[in-house]
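Undergrad: Take this structure, written in structure tokens, and hold onto it; I'll ask about it next.
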Amino acid sequence: MGCTPNASHSPVFLLLGFSKARVSPGLLFFLFLAIYLVTIIGNMTLMLLISRDSRLHSPMYYLLRGLSMIDMGLSTVTLPQLLAHLVSNYPAISAARCLAQFFFFYAFGVTDTLVISVMALDRYVAICNPLHYHSVMNRQLCAFLLALSWVVSIVHTMLHVGLLLPLYWAGDAEGNVKLPHFFCDHRPLLRASCSDIRSNELAIFLEGGFLMLGPCALIVLSYARIGATILRLPSAAGRHHAVSTCGSHLTMVGFLYGTIIWVYFQPPSQNSQEKDMVAAVMYTAITPLANPFVYSLRNKDVKSALHRLLGRGRADF
């Protein structure tokens, strides 16, 4: 598609993802407000429990605390703006703000997937090499892996931001570019561009695909070894305990990677926009909301820490 003379590097984008929703904007506003507040409260509570309770000062919970911080950032990048646009007649965002949102969304999002894969490595060491777990997965290694996840994520995001900068977008008579999405995501931005986006598409499938395959391979290999180790355990109780320690993580792996693959690694099609929106809501709103509850409701240590914290609070009162 060729660019018209009024095409620009820095148009105003109109985020119209929910403009044709069958649900009223007021109801959507209160729904997403509730999701955002519960996400922040749930993840902050989990971080507080891990920080204050000495029984949770282990590598797994150190990584989980980092994941909670990332989930809060991921929600904060997208949901407050969505809430503002749901009560506005002009859901506009400047090109600079759009690219900033794109950068932070991908920085938090890619770090999220990398930390999830690091947690699979943690479960592998805990189950397959329990005697050396604390010496191998020590605080220094966990901090290094978290920092490495951030560095890889930021470099990856800067590459894609750099590929977006030369693109042109042709707006309407007022210079507005309509995006059928609720935040500045990769696919809608590329679909709306009038420039040649083949290099962007190639980067998504090669560099982005490699970045997905690496963590996925680590998760698959870790759980293959974990499964073989569990099958060799002599007692049913031991097998049940080992499986229960991995259940929460496996739930979030399937949820997170399933939606990412659906949104970013299917062939681009205009007919998939509504499905992309549903998957994006799952990834940006539901996954950060679900993480603290999945890890707490299925985890006896976290539930015990919460009971102790609540009991201490009542005693102080």
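Cβ coordinates come from backbone N, Cα and C, glycine included.
What TrEMBL says about a protein is an automatic prediction, not a curated fact.
Here's the feature list from TrEMBL:
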type	residues	note
DOMAIN	42-295	domain 'G-protein coupled receptors family 1 profile'
TRANSMEM	27-50	transmembrane segment
TRANSMEM	62-83	transmembrane segment
TRANSMEM	103-121	transmembrane segment
TRANSMEM	141-169	transmembrane segment
TRANSMEM	202-221	transmembrane segment
TRANSMEM	242-265	transmembrane segment
TRANSMEM	277-297	transmembrane segment
Undergrad: Taking pairs 6 or more apart in sequence, does the count of Cβ pairs under 8 Å between the transmembrane segment (103-121) and the transmembrane segment (242-265) hit 3 or more?
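TA: Answer yes: the transmembrane segment (103-121) meets the transmembrane segment (242-265) with 3 or more Cβ pairs below 8 Å.
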Undergrad: If we skip the immediate neighbours and take only residues 6+ beyond the ends of the transmembrane segment (202-221), which ones have a Cβ under 8 Å from one of its Cβ atoms?
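TA: Same-chain residues near the transmembrane segment (202-221) but 6 or more away: 110, 113-114, 116-117, 120-121, 152, 156, 159-160, 163, 186, 253, 257, 260-261, 264-265.
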Undergrad: What residues in the same chain, six or more past the boundaries of the transmembrane segment (242-265), come closer than 8 Å to it by Cβ-Cβ distance?
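TA: Residues packing against the transmembrane segment (242-265) from afar: 109, 112-113, 116, 119-120, 123, 126-127, 185-187, 204-205, 208-209, 212, 216, 219, 223, 226, 229-230, 233, 275-276, 279-280, 282-283, 286-287, 290-291, 294-295, 298-299.
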Undergrad: Residue list, the transmembrane segment (27-50) vs rest of chain: Cβ under 8 Å, 6 or more residues beyond ends.
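TA: Same-chain contacts beyond the ends: 18, 21, 56-57, 61-62, 64-65, 68-69, 71-72, 75-76, 79-80, 82-83, 86-87, 285-286, 288-289, 291-293, 295-296, 302, 305-306, 309.
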